[in-house]
Structure formats: structure tokens, C-alpha cells
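The active site annotation in TrEMBL covers His307, His353, Asp408.
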Amino acid sequence: MVFYRSVSLLSKLSNRAVQQPSLSNSVRWLQIQTSSDLDLRAQLKELIPEQQERLKKIKSEYGKVQLGNITVDMVLGGMRGMIGLLWEISLLDPDEGIRFRGLSIPECQKVLPAAKPGGEPLLEGLLWLLLTGKVPTTEQVNALSKELRTRAIIPDHVYKAINALPITAHSMTQFTTSVMALQVQSEFAKAYESGIHKSKYWEPTFEDSLSLIAQLPVVAAYIYRRIYKNGEVVAADESLDYGANFAHMLGFDSPAMQELMRLYVTIHTDHEGGNVSAHTGHLVASALSDPYLSFAVALNGVVGPLHGLANQEVLLWIKSVVDECGENITKDQLKDYVWKTLNSGKVVPGFGHGVLRKTDPRYMCQREFALKHLPADPLFQLVSKLYEVVPPILTELGKVKNPWPNVDAHSGVLLNYYGLTEARYYTVLFGVSRSIGICSQLNNSLVLL
Ligand SMILES: CC(C)(COP(=O)(O)OP(=O)(O)OC[C@H]1O[C@@H](n2cnc3c(N)ncnc32)[C@H](O)[C@@H]1OP(=O)(O)O)[C@@H](O)C(=O)NCCC(=O)NCCS
């Protein structure tokens, strides 16, 4: 069953500004320069006791407050529309779309540090924001970038585990296997076995989370090069930020592809807690499974075609449209193709959503990227035609609650344009990005124990 709805309960009950930064908060944080201010762990050490106190207060003051009525439809729909989870790092409004710690995607693009003025946000900045609730400075982002680079070391047995699989295994099977192989170095598992006090759980969780986030692009790129580039591995470039270095290790060095990867890994990080991967990671972690184990099961949810695999499905579907009707397909031909898909009992990939009721802002920011960088690309023009053609057809079906495009309707054509054409790999990119949200929420949840 698919679970759809969660809530940032604390932000509903308490003052949002405490946890979620306003733009003016970012200005306050720009003043900070001391060495512990640049250390994310030191920052969390200060913040966590405040958060523990805050939760205690909320429990004692609001513990008995009811949060709504539960209907049979809600239960049959998999907790649909029901407030069922605490999720502080992001909030998904059906009309407005996602907010990360209170900031919309355009606001993140505005306030998070970028590689160049007006560029896409650096992933490290969003990670800092999700973990602390504060907008970081460029210096803090650079320090985190450096720390992630030092942690991006892959034990040899991980490569052996991947290599034991046939090269034809789906990239996500190889990716999940690599995460399970990385798990043997979990600091949380070791600390638990040595009897760590529960008040300290967050420390090895934080260690594992940062290491996992740092290691994932390296193994993800290895898998890509193994499957599609004769195993010719590209070494990391120590001068690059997380997103750009990931593009580089995949084999793409153009500045535009680096910007696209920064955007891609930022917007796929988190989408509140009710979606399959975020919910699964959270659920498994609640049994005190370590971050590697929790993230590995979340990845198995990402690979479902109604969730993350939809980005693969969209590009394959778009290419099947082109194969059958050519790139200059008319709107009438496109309508016929959409009906043919529906009549064969399939969904139109990239459209619809369990929570959203308007066009996904993650779709819109990718559309803006395409309008800026590749307006004449025939596949982008086809995606634009689909934006006009599909929603009225889905509305005509009479049962689809959201006929508008989601994030997956757009990502494939952008990657394809810059040469990353292997659609069956795309879900790995989604998985790398999703580690940021899942690990941030794990750290957030353990504070509450
Ligand atoms: C995302 C998705 C799984 C949400 O499912 P949901 O919450 O059940 O959506 P709805 O409540 O609107 O579904 C009602 C009906 O409309 C159908 N529907 C929803 N989106 C559809 C689409 N894009 N194409 C065809 N039918 C669709 C559902 O399959 C369901 O049909 P059923 O009653 O015969 O089972 C669904 O919209 C979908 O399958 N989209 C395509 C895959 C996709 O893009 N996934 C990525 C999501 S980010």
C-alpha cells in the first residue's frame, strides 16, 4: 500500500519561525564566521538540546489535541489525507508544492549559495538547511563540501559486491546492493552494539548519514560507467561541489550539465514524509535500523514505476512517441497516442500525484531551465505539447484527481539533451538525491527520542 500524507506537526502547533527560516533569518546567519560555525556537527550539537526541549513542551501542552477525523476512504487510500507522521524538514502543499524548511523552490534558488551568481543552488546548502533549519553561508557550504569530499571513500568490497551482479542487472539493483555493502561500516550499528545511551543516538546517525551521502555519487557513477562506458571510471575532481562532481564522475563536464545536476539533486531530495521512499526510510529507521539499512529499503521504493522509476518511464514513453510518430508530431496525433496508452490499461507517466493538485513546481523549475538553455530542443517541445494535451484528457477520464505534470515529466529530456541518454539509469540519480532528505529526517527524528 502507498502512503501519501504526513505533516509538519510541530510547525502547525508552534511558531514556524523557530524552525523554518525566513529570508531575514538568512541575513542573520550571514554574520557567522568562527570555526565551529563552519562545522555542521558543532551546529547540531547546539541546536539539538533546544529542539528536545521544544518537543517536550509541545507534548505536554498539545499531547491530547485531536488532529482530525478518519474516514474509511482515508484508510482504504493508504492514510490518504490523514495526518499520520511528524515531518519537519519539508511540507507539501497540494496547491503550492514543496517547501524545504519553509522555503519554496524559487526561494531556495534565491537564498541558498550557488556556484556563480544567479546559478542553481548547491546541494550542500540544502543539506545544511534541512538539518539545521537555517540558511547557510557560502563559507559553511564550502566547509560541508570539503567534509563530504573527505568522506567519499569506498571500501573495495563494495565494488566487488557490485561486480558480482550481471552487468545487465538494473542500475537500481546494483545501486541498492552497493548501499547494503556500504552498511558494514555503519557507526550507528557499532555504537548500538557497544551500548550507546539513547540521548547520543544522533551522533553516529549523523556520522553514517554524512558518509552515506558522500559515498553515493561515487558508487552511482561507478555503476553508470560499468554498465554504459565499458567500466572506464572517472576519478573525482576535488575542486568541485557535490552536484558538479557527480556530473564529472558520470563523464559530463559542461558547465550547463553541472548546473542541471545541481538543480536535479536539489529538487529530488525530499517531498514530505508520506511518499513511498521517505515513508519507508522513516519507518525502518524507527526500529533503530541504521541509516544505510533504512536508506536501502527506501531505494527499493524509489524504483517503483509509480514513484521514482516514472522518470525512466517518461523518457522511454516519449521516445516511443517519436519512434511511432516522429519529432514533429501534431497535437491531434499526440492526443491519439495518449488515448492509445490509456486504452491499453497503462498510466500516462509523469502526470498525476497523490497530494499535489496543481502543476508540480519541480516541473516548473525544470521547464524554466529548458526555456533558458534548450528552447529549440525537439524533445523539450514535445514535453511542452504534452503539457497542453494530457491534462484535458486525464480530466475527461473523470477519476484522475490531478491531471497536471509532476517532476518526472521533465527531468529525462533535460538529461537526454546533455548526453545522459540512458533512461534506465535515471532512477539512480533520483536515489542519490533522495538520500539527502531521508538522512536529514533520520537525524531530525532521533532528536525526538
Ligand atoms: C502518481 C500516482 C501514482 C498517484 O496515484 P493516485 O493518488 O491513486 O491518483 P488518483 O487518486 O488521481 O487516481 C485515481 C485514478 O486515476 C488514475 N490515474 C492517476 N494518474 C493517472 C495517469 N497519469 N494516467 C492514467 N491514469 C491515472 C489512477 O490510476 C486511478 O485509477 P483507478 O481508480 O482505476 O485505480 C498516479 O497519478 C500515477 O500513476 N501517475 C503516473 C506515474 C507517475 O508519474 N508517478 C510519479 C509521481 S511523482
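A Cβ is built for glycine as well, from the same backbone N, Cα and C atoms used for every other residue.
Any TrEMBL annotation is an automated prediction that lacks curation.
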Same-chain residues at least 6 apart in sequence whose Cβ lies under 8 Å from His353 (active site):
Asp360, Asn402, Trp404, Asn406
Please work out which residue of His307, Asp408 has the most C-beta neighbours within 10 angstroms of its C-beta, and give that one of the active-site residues.
Asp408
Rounded Cα distance in angstrom between Asp408 (active site) and His307 (active site) is 9
